[in-house]
């Protein structure tokens, strides 16, 4: 499933390349706006139709500022990486964009309590070696494209973008495993639409007005928007099954997919190192997923009845079922054992008192009978 996401990223790259090279259209904010609008129309509408705690009004009342910050982080992560191509080379972008993985591992360790093992660190190093082989193949094939007008600024933008992506992905993993995938996508679509629309009016007003519209341009915009919409819709599903770090490792092959497609569409030069890079990245990715990474979210995500995802998205689940399940499983094992022991102890004393009371009652009846016979 992660490789399907990588193929979708390849689709966005190819459509953007066609827009920039054949039609001189360079409007990253307009393209992002179309994606956020699709998310808003689809998932925000679903939140409007919900009742109870899953309704959009309840979500906005409790967590609106968190999703506002998350939407801002997501929009700027997409914008800064596109902006970096104006100042630095493709090689620098490909290398520094991998900075998202160590940042993700640190954030996951700190916030999600993920505990990595030695094999995970080795697997990440193997994947990064595969990226190095890909960059080497680019250099041998003479594909070191981009600008060198301000390399330091461009590299800084790439690292900033990688950090923002890491923050967004960790927040996404936490949300989809504890709350709801629809809630995440709906709120990101809502605030992303607002933020990207304002930013487009401020920064890309002249570029948008200069677009020479045709059916080819419209088709490329639609292809980009649909690929991004499918990417955003599918990533929470894959992330809930694995982790943010695992998803980003699988996305390292997206550049290779773009290169393979570019060989046929844009006549890139082929190098055997591309295949070596693909094999190395896949080996590292598979090795990473062989050993699970336990988190404190594992128990909560294993049962759908304990999360808002199960309560909201499962039409059979009711608020009462959710509350009972939450109370039942919310008690730690040790505390529950102590509670059971206290209940058994209390039942034993009640039984002893009942037997004692019955014994005294029987004794009093016998005494009364003896006294009555004595009088007779």
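Glycine residues also receive a Cβ, built from the backbone N, Cα and C atoms like all the rest.
Note that this is a predicted model, so its numbers are computed, not measured.
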**Prompt:** With TrEMBL as the source, which of 52-71, 72-91, 272-291 is set down as transmembrane segment?
**Reply:** 272-291
**Of 26-46, 215-235, 299-319, the range TrEMBL labels transmembrane segment** = 215-235
**Fill in**
Under 8 Å Cβ-Cβ from the transmembrane segment (272-291), and at least six residues away from its ends along the same chain, one finds 2, 117, 119-120, 122-127, 129-131, 133-134, 136-137, 140, 242, 245-246, 249-250, 252-253, 256, 259-260
**Item:** Tertiary contacts of the transmembrane segment (93-112), as residues 6+ beyond its ends and Cβ separation under 8 Å
**Value:** 81, 84-85, 124, 127-128, 131-132, 134-135, 138, 146, 154-155, 158-159, 161-163, 165-167, 169-170, 173-174, 243-245, 248-249, 252, 255, 295-297
